[in-house]
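> Dropping the structure in here first, questions after.
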Amino acid sequence: MLPIFSWITGITVETNEIVVIRETLKGGKGEVIKNPKVFIDPLSVFKDIPFREDILRDTAIAIRYFVKNEVKFSNLFLGLTGTGKTFVSKYVFNEIEEVKNEDEEYKNVKQAYVNCREVGGTPQAVLSSLAGRLTGISVPKHGVNLGEYIEKIKNSTRNNKAIIYLDEVDTLVKRRGGDIVLYQLLRSDANISVIMISNDINIRDYMEPRVLSSLGPSVIFKPYDAEQLKYILSKYAEYGLIRGTYDDEILAYIAAISAKEHGDARKAVNLLFRAAQLASGEGVIRKEHVDKAIVEYEQERLIEAVKALPFHYKLALRSLIESEDVMSAHKIYTDLCNKFRQKPLSYRRFSDIISELDMFGIVKIRIVNRGRAGGVKKYALVEDKEKVLKALNETFDGDIEIGEIDDLGES
């Protein structure tokens, strides 16, 4: 078929490609997705959370005691990625807002949800976000000491109660001054209760004894198994996809893949949604659509993992792009620290970070024994250097702008 030349864009497009684009824009023939909102904003659709009923009930009881009997609580939601921690927290947040229309005692309950990593992770950034959301007034991230932030938060609850949700709280805890923030919030004489959320099951190891003594129980979110994931996927498919565009085998396939990786429901749902998008126009989701979705997901996850790294981890990773030799990379890392006015970590701590990056799947470590004369050399190969470098370049400016300074270990 002869191409059609677009005089507007200067792009050559095949006629059949134009037909496909137009059909996709209009929807209809061969469409797979019925309601994309199910995948993009599931809380607006689902009114229950399967396999987390006990956690929801216990959390609701703690909140009721706080609102009606002034018994403060501080819960720590722990579990791996995709086990429902954030979903449960936001679900509870929304339910409280609904109950305000039915119960007078809840009308004076303020709520503030902050993802610590997304706002920058520093004590100033987290407290600024909390103060702003509780007071409704924009609060600067710089030029205000921690005590002033705490006072603003306490003043906002003088005649009210507040429930604070700190998602990815490990980002805050591992920063200098992060413990002070938690201690002030947990021991405050204000009517504040806190729900903290973390993927790091060892987060308590980073907390000082005085913080631990103020902390309530840990609530463990166990990984979903394959059957549970299949059930969850069936609900998303029921509400979000057109009947007949998928079958049990496809759902079971996605569930089995996601169950192998610590029962990650978020991954399972994302794979189903992306596979459905890839099948758009064909009318049915096939295994090859899922396999392609998996490849795309892994690539995107690598980029997100890099962006979420603490600042010194990013510097270490950047140095490895220049040199796979870990000893040489440490010298490059030290130069980068000087450039960004950061105190460099010791080689031992740097080497530990490289090992952690290997555990994350971002680099691959190789040990070479050169015999008595040459000794042992450690190398680390960065997976997909081009994508990693792009992700690092996108985040460095933002990290410096928010004044991120990471201790992360003895130097």
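Each Cβ is built from the backbone N, Cα and C atoms, and glycine gets one as well.
Keep in mind that what you see is a predicted model, and the values were worked out from it rather than measured.
Pulled from TrEMBL, these are the listed features:
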type    : residues                                  : note
BINDING : Thr83, Gly84, Lys85, Thr86, Phe87, Tyr224 : ATP binding site
DOMAIN  : 71-221                                    : domain 'AAA+ ATPase'
DOMAIN  : 317-392                                   : domain 'Cdc6 C-terminal'
> Please spell out the DSSP helix, strand and coil residue counts for the domain 'Cdc6 C-terminal' (317-392).
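Helix/strand/coil tally for the domain 'Cdc6 C-terminal' (317-392): 45 helix, 15 strand, 16 coil.
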> Can you tell which of Phe87, Tyr224 has the most other C-beta atoms within 10 Å, given these are the binding-site residues?
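When each Cβ's neighbours within 10 Å are tallied, Tyr224 tops the list.
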> Over all pairs within Thr83, Gly84, Lys85, Thr86, Phe87, Tyr224, the annotated ATP binders, what is the largest Cα to Cα distance, rounded to whole Å?
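Looking at Thr83, Gly84, Lys85, Thr86, Phe87, Tyr224 as a set, their Cα atoms extend up to 15 Å apart.
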> Per DSSP, Thr83 (ATP binding site) is which: helix, strand or coil?
coil
> Which are the residues of the chain, Thr83, Gly84, Lys85, Thr86, Phe87, Tyr224 excluded, whose CB is within 8 A of where the CB atoms of the ATP site average out, their centroid?
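For the ATP site the neighbour list reads Arg52, Gly79, Gly82, Val88, Phe221, Ala265, Arg266.
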> Using CB atoms and a 10 A radius, I'd like the single residue among the binding-site residues Thr83, Thr86 with the highest neighbour count.
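The residue with the most neighbouring Cβ atoms within 10 Å is Thr83.
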> Where does Tyr224 (ATP binding site) sit in the DSSP three-state scheme?
coil
> Is it possible to get the count of other C-beta atoms within 10 angstroms of the C-beta of Lys85 (ATP binding site)?
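Total other Cβ atoms inside 10 Å, all chains included: 26.
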> Going along the chain, which residues six or more apart from Gly84 (ATP binding site) have their CB under 8 A from its CB?
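Within the chain, Gly84 (ATP binding site) has Cβ neighbours under 8 Å at Ile49, Phe51, Arg52, Phe221, Tyr224, Ala265.
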